[in-house]
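Chemist: Pasting the feature list from Swiss-Prot:
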{"type": "BINDING", "residues": "98, 101, 268", "note": "substrate binding site"}
{"type": "DISULFID", "residues": "50-279", "note": "disulfide bond"}
{"type": "DISULFID", "residues": "112-115", "note": "disulfide bond"}
{"type": "DISULFID", "residues": "248-255", "note": "disulfide bond"}
{"type": "CARBOHYD", "residues": "100", "note": "N-linked glycosylation site"}
{"type": "CARBOHYD", "residues": "173", "note": "N-linked glycosylation site"}
{"type": "SIGNAL", "residues": "1-21", "note": "signal peptide"}
């Protein structure tokens, strides 16, 4: 028995409270396929990009020894995309970043007025900012017609979100896919992401915040410390498929965050049947 409540119970709760409009069942086959493809790349980042599609090549490595932030800038010529992917937590050094909940002003993005982000992840961002911006600019200059895609899982998801917000000041063709993303910033930051990427409009969004059953990491850091999720949540329940994806508006509706998951659990490390770094897909 899965450790999350049935959708029937969820829909009943919503009809009695916030209303059925808060949750929509099902997404298109194309959107689902794209989400799974990005999950594959994000999970492969734990194992040096094992088993990623053959159309994707590496344009450069992202790495900082002090923070152990790892990632790559990739290029998919078949789709005309420049893809930035960040690895999730893979070391005690990363864990220290994870648990630094002190919010930091988002000073590198002055356009984001009043914005504050997760202190540990901001330290991570500062440590690789020049690398990321340099590699992306290099590729964007060589391939000006290519769009940008940014993705990651767990810590890598928050890194992807912060990176996307930062790069949005320079580029306007960014799409973001995050998996098991912790809460990454305050209300001002969440509102900035929502507006920039139309994250609350499923018909136009450029930001897909994907969760899985009772993944415990999206419950962290707690809202009591001023953290708020951005945008529409794309909640995946089992068995996996486009009709078992639910679009959940807002931060605290009855989807992933309401399922009682705590911290790193099975639902966090496995997305769409792919375990982080397992390379068995």
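Just so you know, glycine gets a Cβ as well, placed from its N, Cα and C.
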Chemist: Counting other Cβ atoms within 10 Å of each residue's Cβ, which of the disulfide-bonded residues 50, 112, 115, 248, 255 comes out lowest?
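Modeler: Across 50, 112, 115, 248, 255, these disulfide-bonded residues, the one with fewest Cβ atoms within 10 Å is 50.
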Chemist: Which residues of the same chain, at least 6 positions away in sequence, have a Cβ lying under 8 Å from the Cβ of residue 173 (N-linked glycosylation site)?
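Modeler: In sequence order, the residues whose Cβ lies under 8 Å from that of residue 173 (N-linked glycosylation site) (at least 6 apart) are 147, 148.
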Chemist: If you draw a 10 Å sphere around the Cβ of residue 101 (substrate binding site), how many other Cβ atoms fall inside it, taking every protein chain shown into account?
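Modeler: By my count, 16.
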Chemist: I need the nearest neighbour of residue 112 (disulfide bond) among the recorded positions 98, 101, 248, 255, using C-alpha distances.
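Modeler: When the Cα distances are compared, 101 comes out closest.
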Chemist: Taking the Cβ of residue 279 (disulfide bond) as the centre, count every other Cβ atom within 10 Å, in any protein chain shown.
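Modeler: If we count other Cβ atoms within 10 Å of residue 279 (disulfide bond), we arrive at 16.
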Chemist: Have a look at the recorded positions (98, 100, 268) and report the one with the fewest Cβ neighbours inside 10 Å.
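Modeler: Lowest Cβ count within 10 Å among the recorded positions (98, 100, 268) is 100.
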Chemist: For residue 50 (disulfide bond), find which of the binding-site residues 98, 101, 268 come within 10 Å, Cα to Cα.
Modeler: none
